[in-house]
Structure formats: structure tokens, C-alpha cells
Amino acid sequence: MAFPQTPNRLIRPRRTSRGIAISAGGLAVLLGALDTYVVVSIVTDIMRDVGIAVNQIQRVTPIITGYLLGYIAAMPLLGRASDRFGRKLLIQISLAGFALGSVITALATNLDVLVAGRVIQGAASGALLPVTLALAADLWATHKRAAVLGGVGAAQELGAVLGPIYGIFVVWLFHHWQAVFWVNVPLALIAMVLIHISLPPRVRTEEPQRVDVTGGLLLALALGLATIGLYNAEPDGKQVLPEYGPPLIIGAVIAAVAFLVWERFARTRLLDPAGVRFRPFLIALLVSLVTGGALMVTLVNVELFGQGVLGLDQDEAVFLLARFLIALPVGALLGGWIATRVGDRAVTAVGLLIAAGGFYLIAQWPADVLESRHDLGFVSLPTLDTDLAIAGFGLGLVIAPLTSAALRVVPAAQHGIASAAVVVARMIGMLIGIAALSAWGLYRFNQYLKEQLAALPPAPADFPGGQMAGQMMRLRTATVQAYVLQYGEIFAITAGLCVFGAVLGLFIAGRREHAEESADAVDGVSNARDRAPSA
């Protein structure tokens, strides 16, 4: 007989204890998210101390790719390990690993050691988000968990907003970039203590679950190769992938095929298909992939629009994203709260339609968008600020209900790997989205530039400053218009992808769809076997 995942079958800690536990988990997620973005504001300080010239900034790319490598590659295996060994132990191990990686990074005097520290940080941080999401699913009933998942998602997105500012503030306060990583140590210890006191020890089951280490390593290899192969530090350059990208992508495909073959015949699998409702689960992963692509396209192309069209320097162009990044966590919090009342499907579909509307508006941006406004009759709103906020808010709304729907159709014993799958799908969507649209954008830019140059008359011989100056002005005008058309097309495609995601969102798990699992399976879940405190 099958049983749904009902809260009365799971032994949970008291409300106060679980509040402390999820707050500590949220702190851990925020720490990991901050460290993802913090290097943006301190990279020049790091370069100086490890002996890299300012004009060789491409050499510090491994600092970023190393973190992403650890983050994405380790996530599925560590998420599954939390199903086997319990959320409490995995969060504490991950926090300890994060602190260790921070110490190694802070002590680094050369690039190799620095990258090693960042890889360790990334691997530890990669476990924190999915395991905390799974912990929220363990501690809250199905119909209430979306709001909590929204809070965890908001902590993740808040890191993107505060990361660069946090780095600048810590360096200003302590006068050296190493302090950014030293501060992680006491904060990680605080989170470990809070997790320790708020979650009781895990009760060992008579038949503990096995972990598919081989499958996890094959998947980690595939994801790691794909991460490095797809990540291009200069997406506005002359090539979409880095020079070493194509062979790594081929290697990733081979590793992925090997993983699928292994999972087909292995007795112990990374994701046990028993009880999983694959149709809604895979649809949730596909929607997560779409949202990741839309997110990354925005993060990269808004900055490039600021530099190429508006003539802003890099710092000013990055600041344009503040409107989008602030709206993301706001949407995540509100989306979780609304989903507990109206359901995951509705919020996911509406959120992506709102995002599509925002991206459609962004696609209409003129070259003088900073002076442009939306005249609504009773009020006039700045175009750039409004459009970015709408897109960010819409994508934020989707975070909690998407995770909630995915977890609901996977047995509770596999919430760790399921949470990791949702996050990995989003990250892969980010990498694929920017690579694909960069290729398309580069192709279209060259076409548009030729068209614009053909439409503009040649500079007259009596042009002020000379004919050469006139030709430069002509090229600049054509280039700006080509950029406007290129980015307009990219964001229009992104709007279409969000509409596609909204349609898919109508087919994720509804409120009454649950994984099929036996009573023994529910009672045997490692994370649900934590005993309530005696006090």
C-alpha cells in the first residue's frame, strides 16, 4: 500500500528548534552565495598579492571556474550522501569544509593554492543549498514548505546582491582581502553550533541506504567538464567557448553517457526510480533549466549592454544589475508565501509570464534607455529600473514553488539528491543559456553591423576633425545600433523561453501529486528519523 508524504508520519523537532535549524541553514546558504560573488570586487587586490599583472586578468579566471567546478560537480553526490547520513551531519561537514577552504584561500600566496582553496569552498558550498532545501522539506509539512523554501532561495539570491558590496566593506574594514575569507570561519562555526543544538541525533536504520559513489563520480566528472568547457570568461569576445572548450564538452558527453549506462545496470543508483513520479519531476528540472538560462543571460548581457550601448565602465555597468538582483529575493520570499496558498503550478506559470513580460520590455530598450520612461498616465516610471525589476521579480517567484513541486514527487528518502538535481539543472541552464545565446548574438551582431554600415552614408571630406574622425563616428553609430538590435533579439528570445517555461510549469506536480512510498520507507528516511528533543 502506498502512502503520501504526510507530516504526521515524520517525527520532527519542536517548532522553535526547527526555526533555529533552518535559520542556521539559511546562514550557511548565504555564506556560500556571498563567496560566489565576492571575488568580483576584490579581484584586483588578489591579483596584486599573487603576482599577476593588471593586464593579465584572464589568469585569475580559474578562481571563478574553480569555485563553479566544485559547486556543481560535488552537488549531486553530496546531496545523495545527506539522504544516507542525515542532513545534520552533511551540513556540518560542508560548513567545516567551507571553513577549511576559506583558510586555504586566505593563506594562499600563489594562484595554484588560491584555486585549490576555492575548489574546496565551492564543493562545500554546493552541498549547503540542496541539503538545506531538503532539510526544509523534512521539517515542514508539504503544504507549508514552499514558504520556507522561498526563504532559503531568498538567502541564495541575496548573496548575489550583497556579495560584491560585502567584499568591499570587509576590505575597507580590515584593509586586506584575506579578511573576506577569514570572516567565514567564525560565521561557519556559529552555523555549525546552531545546527548541532537545534537538530537531534539521527537514529540509525537497520538497513541503511547505500550511496552510488561510482555513479556520483561519473556525474561529477561530466558536470565538471561541462562547467569548465562552457564557461567563457569573455563572452563578448571573438569565440563563444574558450579555446579548450570543445574537447572538454566532448569529454563531458562521454562521461554523461557512461553515467547513464552505469545507472541502467547498477544495483545501487544515484536516484532510485522506485516511487518517483518522473514526468512531473523531469518537467520541474526542465523549467529549472529554463530559469537558469534566463537568469544568466540577464547577468551577462545587461552588463554588456551597459558597456557597449550606454558607454559605462565595468563597475557602472555591473551596478545596473542591482535592480534585477534586488527583485530576485523579494520575489523568492513572496513566491513561497503565495504558493502555500494557491499552489505551485499557478505561481510558477505566473512568475515566468511576469518574467517574460519583463524581458519583452527589455528587448525594446533604445540606445538612450537611461532617459526613457514608461508613461502610465497617473505615474511615470524609469524604463530600465522598471523592466529589470519586473524580470527579476518574476524569476524570483518561481524559485520556491519549483523546488517544492520537485520534492513532492520524490520519496522523502531521496530529497537530498532531488534538491541537488533542481539546483544543478538551474546551473547547467545558466551555462548552456549564455553559451548558446552568445553564439547567436555574436552571429547576429556581425550581420547587424554590416547592415547599419551599409545604411549610413560615408563621412564627408569636410567632416569636423577630418574624414578619419567622421569614419570613426560612423563606425561608432553603427556599432551602437547593432548592439541595440543584437541584445534586443537576445532578450526577445529569452522572453520566449520564459513563456515556454510557463507552459511547462502548468504540468509540474499539483497539490495532490505525491511520490509513492511505503510506510516503512517514510519512517526509514534518514533525515526524518531525527528524534524530537526531550525538553
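Yeah, the Cβs are placed from backbone N, Cα and C, and that goes for glycine too.
Remote same-chain residues near the transmembrane segment (19-39) are listed as 13, 46, 63-64, 67, 71, 91, 94-95, 98, 102, 121, 124-126, 128-129, 131-132, 135-136, 139, 148, 151-152, 155-160, 162-164, 166-167, 180-181, 184, 187-188, 190-191, 194-195, 197-199 (criterion: CB distance under 8 Å, separation of at least six residues from the stretch ends). Positions annotated as transmembrane segment by Swiss-Prot: 19-39 (among others).
Residues near ASP35 (site 'Protonation/deprotonation site') in space but far in sequence (CB under 8 A, at least 6 apart, same chain), listed by position: TYR67, PHE98, SER102, GLN121, SER125, GLY159, GLY163, PHE181, ASN184. If you look up Swiss-Prot, you'll see ASP35 marked as site 'Protonation/deprotonation site'.
The topological domain 'Periplasmic' annotation in Swiss-Prot covers 40-60 (among others).
For the transmembrane segment (61-82), the list of distant contacts is 35-36, 39, 43, 46, 89-91, 94, 111, 114-116, 118-127, 129-131, 134, 211-213, 216-217, 219-221, 223-224, 227-228, 231, 233, 270-271, 414, 416-421, 423-424, 427-428, 526-527: same-chain residues at least six beyond its ends, Cβ to Cβ under 8 Å. Residues or ranges marked as transmembrane segment by Swiss-Prot: 61-82 (among others).
Annotation comment: Swiss-Prot describes 87-107 (among others) as transmembrane segment. Here the transmembrane segment (87-107) has long-range neighbours at 24-25, 28, 31-32, 35, 78, 81, 113-114, 116-125, 127-128, 131-132, 134-135, 138, 178-179, 181-182, 184-185, 188-189, 191-192, 195-196, 199, 201-202, 416, 526-527, 530, meaning same-chain residues at least 6 beyond its ends whose C-beta is under 8 angstroms from one of its own.
Per Swiss-Prot, the feature topological domain 'Periplasmic' maps to 108-111 (among others). Same-chain neighbours of the topological domain 'Periplasmic' (108-111): 49-52, 59-60, 62-63, 117, counting only residues six or more beyond its ends whose CB sits under 8 Å from a CB of the stretch.
Taken from Swiss-Prot, the feature transmembrane segment applies to 112-136 (among others), supported by a curator's inference. Remote same-chain partners of the transmembrane segment (112-136), defined as residues 6 or more beyond its termini with a Cβ less than 8 Å from a stretch Cβ, comprise 21-22, 25-26, 28-29, 31-33, 35-36, 46, 50, 62-63, 66-75, 78-79, 82-83, 87, 90-91, 93-98, 100-106, 145, 148-149, 152, 156, 181, 403, 407, 415-416, 418-420, 422-423, 527.
Cβ environment of GLU157 (site 'Forms salt bridge with Arg-426, probably closes bottom of cavity'): ALA33, LEU325, LEU328, PRO329, ALA332, GLY396, ILE399 lie under 8 Å away, each six or more residues apart in the same chain. Summarising the annotation, Swiss-Prot assigns site 'Forms salt bridge with Arg-426, probably closes bottom of cavity' to GLU157.
Residue counts for the topological domain 'Periplasmic' (168-177) by DSSP state, with H, G and I taken as helix and E and B as strand, are 7 helix, 0 strand, 3 coil. Under the heading topological domain 'Periplasmic', Swiss-Prot lists 168-177 (among others), citing a curator's inference as support.
Residues or ranges marked as transmembrane segment in Swiss-Prot (evidence: a curator's inference): 178-198 (among others). Only residues 6 or more beyond the boundaries of the transmembrane segment (178-198), in the same chain, are considered here, and those with a CB under 8 A from a CB of the stretch are 13, 17-18, 20-21, 23-25, 27-28, 31, 35, 38, 42, 88, 91-92, 95-96, 98-99, 102-103, 105-107, 117, 166-167, 170-171.
Within the chain carrying the transmembrane segment (213-230), a Cβ under 8 angstroms from the stretch's Cβ atoms is held by residues 65, 68-69, 72-77, 80, 241-242, 244-249, 251-253, 255-256, 258-259, 262-263, 266, 269-270, 424, 427-428, 431-432, 434-435, all 6 or more beyond its ends. The transmembrane segment annotation in Swiss-Prot covers 213-230 (among others), and the record cites a curator's inference as its basis.
The topological domain 'Periplasmic' annotation in Swiss-Prot covers 231-243 (among others). Averaged across the topological domain 'Periplasmic' (231-243), pLDDT in this predicted model comes to 62.
The annotation transmembrane segment is assigned in Swiss-Prot to 244-263 (among others) on the grounds of a curator's inference.
Counting only same-chain residues 6+ beyond the ends of the transmembrane segment (279-300), those with a CB under 8 A from a CB of the stretch are 235, 321, 324, 348, 352, 355, 359, 388, 391-392, 395, 398-399, 402, 405-406, 409-410, 418, 421-423, 425-434, 436-438, 490-491, 494, 497-498, 500-501, 504-505, 507-509, 513. Taken from Swiss-Prot, the feature transmembrane segment covers 279-300 (among others).
For 301-320 (among others), the entry in Swiss-Prot reads topological domain 'Periplasmic', with the evidence type a curator's inference. Long-range Cβ contacts of the topological domain 'Periplasmic' (301-320) within its own chain (Cβ-Cβ under 8 Å, at least 6 residues beyond either end) map to 40, 164, 235-236, 362, 365, 367, 369-370, 384, 388, 437, 441, 479-480, 483-484, 487, 490-491.
Residues or ranges marked as transmembrane segment by Swiss-Prot: 321-343 (among others).
Proximity of ARG426 (site 'Forms salt bridge with Gln-157, probably closes bottom of cavity') to non-local residues of its own chain (separation of 6 or more, Cβ distance below 8 Å) is seen for SER288, LEU289, THR291, GLY292, LEU295, given in sequence order.
Here the transmembrane segment (385-407) has Cβ contacts under 8 Å with residues 133-134, 137, 142, 145-147, 149-150, 153-154, 156-157, 280-281, 284-285, 287-288, 291, 294-295, 298, 302, 320-321, 323-336, 338-339, 343-345, 347-348, 350-359, 361-362, 365, 374, 415, 418-419, 421-422, 498, 501, 505, 508-509 of the same chain, all six or more residues outside its ends. Look at the topological domain 'Periplasmic' (365-384): DSSP puts its residues at 5 helix, 6 strand, 9 coil. Secondary structure counts, DSSP: the topological domain 'Periplasmic' (301-320) has 14 helix, 0 strand, 6 coil.
Sequence-distant residue pairs (6 or more apart) of the transmembrane segment (344-364) and the transmembrane segment (488-507) include at least 3 whose Cβ atoms are under 8 Å, placing the two stretches in contact.
Sequence-distant contacts of the transmembrane segment (488-507) (same chain, at least 6 residues past either end, Cβ-Cβ under 8 Å): 279-280, 283, 286-287, 290-291, 293-294, 297-298, 301, 345, 348-353, 355-357, 359-360, 362-365, 394, 398, 402, 433, 437, 440-441, 444.
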